[in-house]
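Participant: Sharing the features that TrEMBL gives for it:
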ACT_SITE  Asp458  active site
BINDING   Arg418, Thr430, Asp458, Glu507, His510, Glu529  N-acyl-D-mannosamine binding site
BINDING   His510, Cys520, Cys522, Cys527  Zn(2+) binding site
DOMAIN    5-316  domain 'UDP-N-acetylglucosamine 2-epimerase'
Amino acid sequence: MIEQDDFDINTRLHTIVRGEDEAAMVESVGLALVKLPDVLNRLKPDIMIVHGDRFDALALATSAALMNIRILHIEGGEVSGTIDDSIRHAITKLAHYHVCCTRSAEQHLISMCEDHDRILLAGCPSYDKLLSAKNKDYMSIIRMWLGDDVKSKDYIVALQHPVTTDIKHSIKMFELTLDALISFNKRTLVLFPNIDAGSKEMVRVMRKKGIEHHPNFRAVKHVPFDQFIQLVAHAGCMIGNSSCGVREVGAFGTPVINLGTRQIGRETGENVLHVRDADTQDKILQALHLQFGKQYPCSKIYGDGNAVPRILKFLKSIDLQEPLQKKFCFPPVKENISQDIDHILETLSALAVDLGGTNLRVAIVSMKGEIVKKYTQFNPKTYEERINLILQMCVEAAAEAVKLNCRILGVGISTGGRVNPREGIVLHSTKLIQEWNSVDLRTPLSDTLHLPVWVDNDGNCAALAERKFGQGKGLENFVTLITGTGIGGGIIHQHELIHGSSFCAAELGHLVVSLDGPDCSCGSHGCIEAYASGMALQREAKKLHDEDLLLVEGMSVPKDEAVGALHLIQAAKLGNAKAQSILRTAGTALGLGVVNILHTMNPSLVILSGVLASHYIHIVKDVIRQQALSSVQDVDVVVSDLVDPALLGAASMVLDYTTRRIY
């Protein structure tokens with residue numbers, strides 16, 4: 001056809017690899033890409049015109065784009081239902097100028113961020129021939145291709161191609177189509193499918209059913225365009241899945257049956273009947289009965305017959321001196337603050353885990369020390385239940401962090417007992433947490449969340465919390481004492497946390513303050529924890545309660561409630577002398593421990609943390625005035641103002657390390 005139109009042919013390229021499967025299509029594109037550079041270097045075109053959405057056109061557009069040749073793409077912006085969609089849009093992104101056929105295609109190109117000034121809505125070039133072709137002598141053409149006994153509007157044109165994204169189904173659909181056409185018993189011109197993957201199998205189906213020798217069928221590989229126009233213009237119906245059926249045939253109002261999904265997104269006139277699920281012969285046969293012989297109004301969706309003059313005018317308007325680099329017209333978007341340093345610092349966060357004797361808590365903690373969200377569950381008694389619950393809670397918190405726009409940098413875990421922070425292993429736990437010795441916490445959490453994990457003792461975490469968020473911020477040396485169920489602590493020396501040679505530093509609750517004091521949970525006696533911990537106060541409260549010496553006027557303990565440290569404190573406030581004496585003794589023991597710390601470490605600050613801190617602070621200060629050397633009596637002792645030091649300390653391990661601060 002190109003030769004017949006007297007084009008000056010400079011080069012002939014043979015690039016189609018036979019095979020009619022997916023690999024052959026890829027090899028054909030690759031072969032074209034290998035051969036095209038030499039041709040383009042020799043031709044040096046000002047503009048390359050690329051038409052449509054075939055894989056060979058993609059090779060041409062790719063070569064031209066990489067060789068800085070301007071590309072004009074015709075029929076971009078349309079939508080269909082196969083790999084052609086992807087190829088068409090890929091060519092659009094490579095092309096510098098665009099000629100589209102419909103208003104919707106134009107809008108699609110604009111939505112794809114193409115420059116509106118470089119888009120021409122011209123209509124389909126083939127319509128220029130279609131709309132002037134119908135009055136020609138057509139009966140001789142019909143007889144030549146279908147036989148002398150065939151009349152106008154009394155035959156069918158069938159053209160069906162493989163769907164490359166679902167070859168197996170498209171072959172089955174072709175088989176059903178042929179069965180329906182055989183049953184319909186009308187003269188039919190069947191065109192062979194294109195060379196896409198799956199076409200070889202479709203040809204086998206034709207031959208298996210004897211289509212080439214069937215008296216009602218004429219099977220052909222090619223019909224010249226001018227003659228094809230006459231054949232579809234005067235057909236009783238066209239059936240298949242070719243774009244010709246939904247585009248060009250509409251110009252004549254010829255009934256069309258569009259099978260399957262290959263043209264699913266195309267704009268169509270009212271002459272097209274869609275059979276999306278062409279899964280039975282009967283369904284296709286019914287469509288043939290509905291459509292055959294009808295005459296529909298001519299459709300001009302794809303053009304008005306004047307596309308070529310518009311395209312020529314557009315070509316002449318192209319300024320070959322303007323910059324070659326494509327510009328995309330992206331829609332306005334909100335200012336992207338995700339790369340703003342203040343925004344990044346605000347959204348950097350950590351997952352913090354606090355393993356207490358009673359509760360297991362997980363929190364999302366921001367860089368500023370704000371607890372964005374907190375989850376609390378009872379701490380299970382067994383290792384398996386506990387580790388599974390930790391993983392579950394952390395996964396839920398990490399998912400929630402995404403919704404809250406928090407960038408999780410890692411996981412920090414605060415737990416009771418002796419911890420090897422280098423390996424992330426709990427060496428020995430307190431008696432409050434069972435089955436928690438020689439436990440590797442880092443590995444399961446890191447493997448599940450794909451995040452770095454830090455683990456440390458709860459006392460050390462409290463000190464880290466004070467250093468980053470609390471009253472120890474900016475201080476070189478300070479000590480934190482936790483007064484809770486047990487007594488713990490952490491030491492910051494020269495801005496660094498002290499772990500000790502066997503990770504046993506800052507076990508401040510086990511400083512001995514009396515040689516003949518009460519037994520301690522550690523196996524010794526006379527420790528601070530044996531006097532001043534919540535467990536110690538609970539023990540003394542039970543003794544008083546058993547002797548009916550705890551309750552005073554205005555107090556009551558429900559039968560189902562266990563007597564604890566808070567009841568002792570309440571009794572002392574209401575004037576119970578024995579309760580006051582016990583608290584004074586506990587505070588004195590804690591005060592003596594602080595004096596020992598002052599004499600040993602000489603910190604610039606001591607921070608009392610935990611639920612009992614406010615009840616001990618005044619007694620501790622009195623003991624320091626009475627017992628400490630004058631050189632350390634000016635050291636300030638304060639109550640922490642942090643609400644969740646364990647969680648904040650766990651978070652600080654993550655936030656300090658990942659933002660390259662000292663840990």
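Each Cβ is built from the backbone N, Cα and C atoms, and glycine gets one as well.
TrEMBL labels come from automatic prediction, so no person has curated them.
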Participant: Including all protein chains displayed, how many Cβ atoms other than that of Thr430 (N-acyl-D-mannosamine binding site) lie within 10 Å of its Cβ?
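Facilitator: Its Cβ shell of radius 10 Å holds 19 other Cβ atoms.
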Participant: Taking every protein chain shown into account, which of the binding-site residues Cys520, Cys522, Cys527 has the largest tally of Cβ atoms within 10 Å of its Cβ?
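Facilitator: That would be Cys527, with the most Cβ atoms nearby.
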Participant: Rank aside, I only need the closest one: which of the recorded positions Asp458, Cys520, Cys522, Cys527 has its C-alpha nearest to that of Thr430 (N-acyl-D-mannosamine binding site)?
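Facilitator: That would be Cys522, nearest by Cα distance.
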Participant: Excluding near sequence neighbours, so keeping only residues 6 or more apart in the same chain, what lies with its CB under 8 A of Glu529 (N-acyl-D-mannosamine binding site)?
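Facilitator: Residues satisfying the criterion: Gly486, Ile487, Gly509, His510, Cys520, Ser521, Cys522, Met535, Ala536.
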Participant: When you measure from the Cβ of Glu507 (N-acyl-D-mannosamine binding site), which residues in the chain that are at least 6 apart have a Cβ under 8 Å away?
Facilitator: Gly459, Gly488, Gly489
Participant: For the recorded N-acyl-D-mannosamine site, enumerate neighbouring residues of the same chain (Cβ within 8 Å of the Cβ centroid of Arg418, Thr430, Asp458, Glu507, His510, Glu529, site residues themselves excluded), in sequence order.
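Facilitator: Result: Gly416, Gly417, Asn457, Gly459, Gly486, Ile487, Gly488, Gly509, Cys522.
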Participant: Give me the sequence-ordered set of same-chain residues, not including His510, Cys520, Cys522, Cys527, with a C-beta within 8 angstroms of the centroid of the Zn(2+) site's C-beta atoms.
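Facilitator: Output for this site, in sequence order: Gly509, Val512, Ser521, Gly523, Ser524, His525, Ile528, Glu529, Ala530.
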Participant: At a 10 Å cut-off from the C-beta of Arg418 (N-acyl-D-mannosamine binding site), count the other C-beta atoms across all protein chains.
Facilitator: 18
